[in-house]
Amino acid sequence: MLKLLLGDPNARKLKRYLPIVSDINLLEEEISPLTDDELRAKTADFRERLAKVSGLEKQRELLDEILPEVFSVVREASKRVLGMRHFDVQLIGGMVLHEGQIAEMKTGEGKTLVATLPSFLNALTGRGVHVVTVNDYLARRDAEWMGQVHRFLGLSVGLIQQDMTPLERRKNYECDITYATNSELGFDYLRDNMASDMSEIVQRKFQFCIIDEVDSILIDEARTPLIISGQIERPQEKYQKAAEVVASLIRAAEMGKDGIDPEGDYEVDEKQRTCTLTDEGFARSEELLKVNDLYDPKDPWAHYITNALKAKELFVKDVNYIVRNGEAVIVDEFTGRVMPGRRWSDGQHQAIEAKEKLNIQSETQTLASITYQNFFLLYPRLAGMTGTAKTEEVEFEKTYQLETTVIPTNRPRSRNDWVDQVYKTEAGKWRAVANETAEVHKKGRPVLVGTTSVEKSELLSSLLAEEQIPHNLLNAKPENVEREAEIVAQAGRAGAVTIATNMAGRGTDIILGGNSDYMARLKLREVLLPKLVKPEDGHKPPVPLQRRSESSGFGEDKDVTTDNSKPLSASSALGTLYPCVLTEDTEKVLIDLERKLVADWGDRALTAIELEDRISTAAEKAPTNDASIQLMRDAISLVKSEYDVVVQKEEVQVREAGGLHVIGTERHESRRVDNQLRGRAGRQGDLGSTRFFLSLGDNLLRIFGGDRVASLMNAFKVDEDMPIESGMLTRSLESAQKKVETYYYDIRKQVFEYDEVMNNQRRAVYSERRRVLDGFGLKKQVIGYGEKTMEEIVYAYVNPDLPSEEWDLAQLVSKVKEFVYLLNDLKPDQLEGLDIDELKAFLQEQLRNAYDLKEAQIEEQKPGLMKEAERFFILQQIDTLWREHLQAMDALRESVGLRGYGQKDPLIEYKNEGYDMFLEMMTNMRRNVIYSMFMFQPAPESDKE
């Protein structure tokens, strides 16, 4: 009602941009006739104008002023280099991002292209722009693909990848625009703040950041802090023994109520993700371990048992992790991707290794950590884009001060979202999914089935194999991950069936009829890999299907026609990666190319990554002087033109049949992830449809739906293959999802509030560290520490309320000598008759003199050594004490929750105690540095030889 009276606020916001869009369109007539060189010269002209203005705020005002002309130049460059012209709605998206907001743009509306506008505009200041994606593959794809526009206009483009050296990282961060993943950026920031020398620092000062899939990074990953850790030794036998004990414990059938223990050894709360031993469980564990008390501080077992219980009940193989090469590798619950190198902390990963009988790796201790919330708030201006942000609008506004603007689609949407079907049992649901997939597949429509875990995707895969339906499987299993781009390239072909675990952040659009451009690149890769790539750099040629029924004949070579002009039949097209057999002339071109490249680059002399890079460059449209790359480019173009004939026919066929059909097999905890899956169908106004299949056994209904849904289902006397469509059930589902979202929002808010305390401390420590690394005024800093220490000693041993005769000056002098041995001649009678301020001033003067003397002694041995020592001792103390402080703060965080029972606010208690602990840490740091500096005795040069 309010919307009708006041008008839609989003529409009002969009209206504001329309005059600027008109200006950009008018400028197009002026910009289009320019030559490439004249277009490039515009960049230098913009930079010159910005160089005349100092200060970020003033520069931003000028950026707003030149925005229409800059956007017009970028649009023209994109037209020439990529063959893509920004639509008007994409220009609006660019302006929204430039203003530091979140642009919600539906799947397939060209978010990646939109980012070129604000990133180019803000990079003109020379302060650097970061474009953040969710994984290395997307960062590389965007840097190569969109980077062409920036490079064409004369800007440098950097890329940060997981395996880069610090030197490569620094070079890439120095570029005008740098593409990176959120985790690489965060870890580089933490590593920079652990550096022992300025030369080790790779990042420069943050300015502007655009986050792709902003909801995935700022919301889904916000519960997990980034942690850099060092190893600590813990007895491995304890993990193994705990796993054995827990295997023999029995889970209680239901949670205990009203303080009464349930029957069983332990209870599990799936909502809170906790496991708790009952009284019987405690007694049984102690008996099996032959100990008197699980909490005995000399031989603690409780922590190991709790982690082993969680590993048994809450961490499920092929859902939360997979076992690969003898290691437990985490699976990201939002994207379905594996996260090698990441480990659960606090001994949880070791408990899982013990459960799976794997080699148990050392436990770790936190050296540095930060949450994504606080990391991204370090940027003076932050922007983001996603297909689904509106549901989390409030959180973006409250936590990050980011407004959300919904950008209209370029063409109206033609997707049908069919009503959910709910089944009584999981078995009934999966049979229904297999049946619907078969039905739609028979009509020649492509089908995408989204599952929530590796295990479920393999279950459906076996059901489809029974039905003899050829299909592709895309999940976290390593053999499937490597095929990701190939699988997605064919997912839109007639009758293609793709099973994918969590399509969120997959980053590749599903194009109806198939992606001929990508298939041509894959064909080139298939031809060149065996001849150009080193044997030890093992590769796998593209494989069209992971699963097919042996008896079906689908995809067998016998189906492939030898008549080159004919496309493959529908069934066999699904059994091969490529839409048609190439003509003899084209095959000959590929063989000649392969020979030429072997002659140029050497026989099997490249790594797989090097070849991928060269194929990517060849697939670009940017001009090249490299003859080999040009030959590859011509070959890709030739192959693509042949594939296009079939792909375009198939596209018409798929459109007529109704487009892509998306099936969801479970509602995700977040409505956003459901919307992302739906958004795969009907991109850019295409036809398409979606349907969700659910069962009462689904986690969402089981954990958050409450007893209401269960009793409702018992009331339905239906068999398991009968679907139920009920408004009441759908409402229960949506309220369950809202409950979960609120629950997780509260967790993230709590993580943020607690980390805010740490964040203020982190900023103070890191700025102190950076000052030391810069190396300016180190002596002044150390003397400052000494003066503060003298003041603290005076206040510790002198009571101003007592007459001066009663002051214990002997103790005071003794304490001063502990810190400064060079003041050994100091006598208590020298201090008699001085008031407190005079005492402080006298001791501080003595300290300064002693420090000058110490400096002279050290410098005599080696000039410049004193400065090195100052830097070494301050950094050593900051790092050691900060590490201990992080552990102490973690322990405080764990224990402070219990204060709630005493009617105290745990957060306020944490803030107060944390602040006291921080002050104590800084005091210890100052005192330790002073003590170390005076005790420092370098070995004479002759001793070192």
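Glycine residues also receive a Cβ, built from the backbone N, Cα and C atoms like all the rest.
The ATP site recorded in Swiss-Prot comprises Q90, G108, E109, G110, K111, T112 together with one of D509, D517, D585, D592, namely D509. Note: K111 (ATP binding site) has non-local neighbours G93, A103, M105, D212, M385, T386, G387, i.e. same-chain residues 6+ apart with C-beta under 8 A of its own C-beta.
DSSP assigns T112 (ATP binding site) to a helical segment in the three-state reduction. Of the chain residues outside the ATP site list Q90, G108, E109, G110, K111, T112, D509, M105, T107, L113, V114 have their Cβ within 8 Å of the site's Cβ mean position.
Among the record's ATP binders, Q90, G108, E109, G110, K111, T112, D509, no two C-alpha atoms are more than 17 Å apart, and one pair sits at exactly that spread.
Within 10 Å of the C-beta of D509 (ATP binding site) we count 17 further C-beta atoms, all protein chains included.
G110 (ATP binding site): 19 other CB atoms within 10 A of its CB, across all protein chains. In the three-state DSSP scheme, D509 (ATP binding site) falls into the coil class.
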